[in-house]
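Chemist: Handing you a structure now.
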Amino acid sequence: MSASVAVYRNIYTEDRFKQAYGSDDNTSGSLRLREKLAGRCRCSRRACLHLLRERVPIFSWLPRYRLKKWILGDTVAGLTVGILHIPQGMAFALLTSVAPIFGLYTSFFPVVLYMFFGTGRHVSTGTFAVVSLMTGSVVEQLVPTPLEMNSSSSEAADFEAQRIGVASAVALLSGIIMLCMFGLQLGFLSTYLSEPIVKAFTSAAAFHVTVSQLQSMLGLRLPRHTGTFSLFKTLASVMENLPHTNMAELLISLVCLAILVPVKEINMRYRHRLRTPIPVEILTVIIATAVAYAFSLDSAYSIEIVGHIPAGFPKPQMPAFHTFPDIAGDTIAITFVGYAVSVSLAMIYADKHGYSIHPNQELLAHGISNTVSSFFTCFPSSATLATTNILESAGGYTQLSGLFTSLVVLVVLLLIGPLFYFLPKAVLACINVTSLRQMFLQFQDLPELWRISKIDFMVWVVTWLSVVVLNVDLGLAIGVVFSMMTVICRTQRASCSVLGRASNTEIYRPLENHSKCYEVPGVKILTYNGPIYYGNRSFFREEMSRLLGLTPEKIRSREKARKALEKREREATVNTVERGIANTSFSSENEFFKSGTSESDVQVVLIDCSSVIFVDVAGARLFTQMCTECQKVGVHVYLANCNESVLKILTSSGLMNYMNPQHIFITVHDAVMYIQQQQEKPPENTPTVWV
């Protein structure tokens, strides 16, 4: 047996409801604001400690650290990620067009700083392929690679210094932008990079990374192409120079791929059974270095090797400040990409493990990481897909895992780094390509995306094609603009429906989807599922006129008939007054419903504003214009379900000069009950609604 509900209460207009249930204190809002500001400005020991814990989260989670329960997981996960950081840091340095040692620096300093300031417990920061690729494009534009240069000369050292100066300048400017965004509390801006945009962008950028590494895998010495159509220019250059392929480096690349691809697949398929993934990257690096050293491959077959890696900490060095005007535009794109990927990853694992992150605090964490690291010859960093996934699957619990990650990198920097002198760059190129597995697999999401939302599918495809065909920066901008245009188009063409009532209920639903609902006689109930603003006011007006049948000709004819009727009424009133009899046939509001209209004519328009989230000045003026036109044809306008902001704008725009304030109701059913009572007879007592 189905349950039922019966409600008997007064009919509420907005004014009557506020009188009965509204707040009596009109100044409460300003007082609360004043108290809030006073509380924030008050200086006390407790407030200082709260601010310290909020801005430096390590002071919040470290005292509550469960040593026995979490230390083993954090240690294992941190060491595992640290081992992976070594080959990936050096490999992604090649994408950035700087020496591999700078990739190791970028795998150390940001990790330590994020441990202090970050809120993501399972986020692994460091070098990221897409950010490195975008930074490398900037470096190549400002410091292009010369075709002929002696690698052992002082000229080569100056060339590397110029390149890392530009890369560090990008990191510094990116950090400054993030800190400014934190100061303005602009963490919400990451939402403009929606999930389809981020996935399509990273997937397309993976193609750019792969194509850019072909020359290193084939042993070709080619200049790096930047700008629009760079992917096709690089492919054409590689195809043109295929006869000059270094067979030794090609063989090294094929062997590395034959090892890396299947072992990575094993790690992925059996990640729940393996306590830690097989460190195939570092093993490949060690074996390749040993083989290259034992057989002197660099001199015997002219393969390109990493070369000298200095041991110890880098000396603080000023970035190339003079390049700021040239790198500003590209750095903004790099900043948004790095931040969006970092926050997206942090949110994914925060939702999975039941804790929350703070987007604005993440801005501070990554801003400080990039700003401070830039003075130690680091390029831009962010959260990384592969290492974050491994950190979580290896059993990490908190940010303390970053301590063990940085210790592994520190040991390499201080002691082991110079041993990688003979490491072939082709091996690093293979590591770069195989690290993009997750990005390529994002194509698997397309069928489900098509099933869920065709518009999001189009956003994905347009972003992917733009990034692949044009370039990374311009493609991302096109994707964001196209995504925002889809939102604007959806608000411009929101649906407008006629509502009908389900029998013996207070439920009103669109008639086109609910054939058993019926229209209330003489009342046209309309709903508009979107905001009413300057961009869609014309469409809203057209839809309302179509549903009401209000053409300019009909408005003129009805207005002329109404004026003629009023003239006859005045003449009749004069005649009856002269005879001493008062004519009160039109003295009450309910008589309107019975005068000069047939049962099938629309006598009342009731607009359900429950889906109207906001109205601007143009939309408010349109409401006023519609009220005026409806009055000309003798139709009354009622509103229902207006939210506070919409009602405030409509009232401030002067709508109440053309509309009875008592015609604004809290629900559609309240308005319908009131209208029906007015049609029958004038109320003697307070009207009531029965459901």
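One-based numbering along the chain as shown.
Cβ from N, Cα, C; glycine included.
The shown structure was predicted, so the numbers you read here are calculated from the model rather than taken from an experiment.
From TrEMBL, here are the annotated features:
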type	residues	note
TRANSMEM	92-117	transmembrane segment
TRANSMEM	164-184	transmembrane segment
TRANSMEM	247-266	transmembrane segment
TRANSMEM	278-296	transmembrane segment
TRANSMEM	332-351	transmembrane segment
TRANSMEM	403-423	transmembrane segment
TRANSMEM	457-485	transmembrane segment
DOMAIN	513-675	domain 'STAS'
Chemist: By Cβ distance under 8 Å, which residues at least 6 away from the ends of the transmembrane segment (164-184) in the same chain are close to it?
Modeler: 96-99, 102, 135, 138-139, 142-143, 317, 319-321, 323-324, 327-328, 330-332, 334-335, 338-339, 360-361, 363-364, 366-375, 377-381
Chemist: Where else in the chain does the transmembrane segment (92-117) make close Cβ contacts, counting only residues six or more beyond its ends and a cut-off under 8 Å?
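Modeler: Same-chain contacts beyond the ends: 55-58, 85-86, 123-129, 132-133, 135-136, 139-140, 143, 145, 160, 163-164, 167, 209, 212-213, 216, 224, 306-307, 309-310, 314, 361, 364-366, 368-370, 372-373, 376-379, 381, 399-400, 402-403, 405-406, 409-410, 412-413, 417, 420, 423, 425, 428-429, 432.
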Chemist: Give me the stretch from 247-266, 278-296, 332-351, 403-423 with the greatest number of Cβ pairs under 8 Å to the transmembrane segment (457-485).
Modeler: 332-351
Chemist: Go through the chain and flag residues at least 6 beyond the ends of the transmembrane segment (332-351) whose CB is under 8 A from any CB in it; none is fine as an answer.
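Modeler: Those are 118-123, 125, 128, 130-131, 134-135, 138, 170, 174, 177-178, 187, 189-190, 193, 195, 198, 201-202, 357, 359, 362-363, 366, 380-383, 385, 388, 392, 472-473, 476-477, in sequence order.
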Chemist: Looking only at residues six or more beyond either end of the transmembrane segment (403-423), which have a C-beta under 8 A from one in the stretch?
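Modeler: Here the qualifying positions are 74-75, 77-79, 81-83, 85-86, 89-90, 100-101, 104-105, 107-108, 111-112, 115, 124, 285, 288-289, 292-293, 297-298, 305-313.
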Chemist: Can you tell me which parts of the same chain pack against the transmembrane segment (247-266), counting only residues 6+ beyond its ends and a CB-CB cutoff under 8 A?
Modeler: 216-219, 278, 280-281, 284, 288, 297, 301-304, 424, 426-427, 429-431, 433-434, 437
Chemist: Cβ under 8 Å to the transmembrane segment (278-296), counting only same-chain residues 6 or more beyond its ends: which ones?
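Modeler: Beyond its ends, the transmembrane segment (278-296) has Cβ neighbours at 80, 83-84, 86-88, 90, 252, 256, 259-260, 263-264, 266-267, 303, 305, 419-424, 427, 430-431.
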Chemist: Pop the mean pLDDT for the domain 'STAS' (513-675) in here, whole number is fine.
Modeler: 77
